[in-house]
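Accompanying notes for the structure given below.
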Amino acid sequence: MTKQFLVNHRQQEVLNWSFGIGVAILLLGFIDSFVNTSDRVYGLFVDAISPIDMSNMVAVVKEVVMCVCTLSMWEVLRRSLYRRSHFALQLSLVVMMVLVLLGVVIATIPSGDVLTDTGVVRHTSFGTFKSTFPFFNHIAIYLAGVFVGVGLIRNYLGNLRFYGWALITFPVLDNLFQFGYYYLYTQVGGLTVNDLSTWNSVLQVAQFGLTLGSFCLLRFTMSSDASETNGDDSDINPYQ
């Protein structure tokens, strides 16, 4: 059974550039989160499920670039699945790509909410939609990812199977880590700001590890040096 998809050199370049830029963005975000830990202790759980802060253009740029890198790598994976007649799997991957892109686009559009003189935020209909959309969007992305993950686990070995497991388990672990921090913050008494800051750092390290691990597994599901038969089901012809 196949352990890696064989891709052509042009697709290999797309993977390498997307992976390199994506890892650089992840590292910059990770370092920045530690520099600004004191500002994030009280809002981490909310930030994780909220739209992008449009007042921070650096965060917007990082989110957009990371989205482009992920979509580029997924597109190479989708082509590999399509050429092996896994229509349902590649269609589910298309759904994931569309939902991720839609989430980033909606998050970058200003909500139009207005802060009144009394300090009350007056939400527009789009602002209300924007605040609730990420939750349902993440659920839909996860369900599509589970379908792709199960397909990879059933049909392949090696890095492909590992990435299938990552699609299923990593989002669950990420939410468990977030819930653990939320529980400490809201239910456990006697914790000081320094204690919360420490747990916040632990959570950030865990989330960074999961994100980087998933990104690495995605990258190494495909290679121009993979051991695969050069036939109709391969992806080594750049003109197909």
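Here the Cβ of each residue, glycine as well, is placed from N, Cα and C on the backbone.
Per TrEMBL, the features are as follows:
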- 14-35: transmembrane segment (TRANSMEM)
- 55-77: transmembrane segment (TRANSMEM)
- 89-109: transmembrane segment (TRANSMEM)
- 135-153: transmembrane segment (TRANSMEM)
- 165-184: transmembrane segment (TRANSMEM)
- 196-218: transmembrane segment (TRANSMEM)
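It is 196-218 that, among the stretches 14-35, 55-77, 89-109, 135-153, 196-218, forms the most Cβ pairs under 8 Å with the transmembrane segment (165-184). Using a cut-off of 8 Å between Cβ atoms, the transmembrane segment (196-218) and the transmembrane segment (55-77) share at least three residue pairs, counting only pairs 6 or more apart in sequence.
Ranking 14-35, 89-109, 135-153 by CB pairs under 8 A with the transmembrane segment (55-77) puts 14-35 at the top. Non-local neighbours of the transmembrane segment (135-153) in the same chain are 49, 86, 88-89, 92-93, 95-96, 99-100, 102-103, 160-161, 163-168, 171; each lies 6+ residues outside the stretch with a CB under 8 Å from one of its CB atoms.
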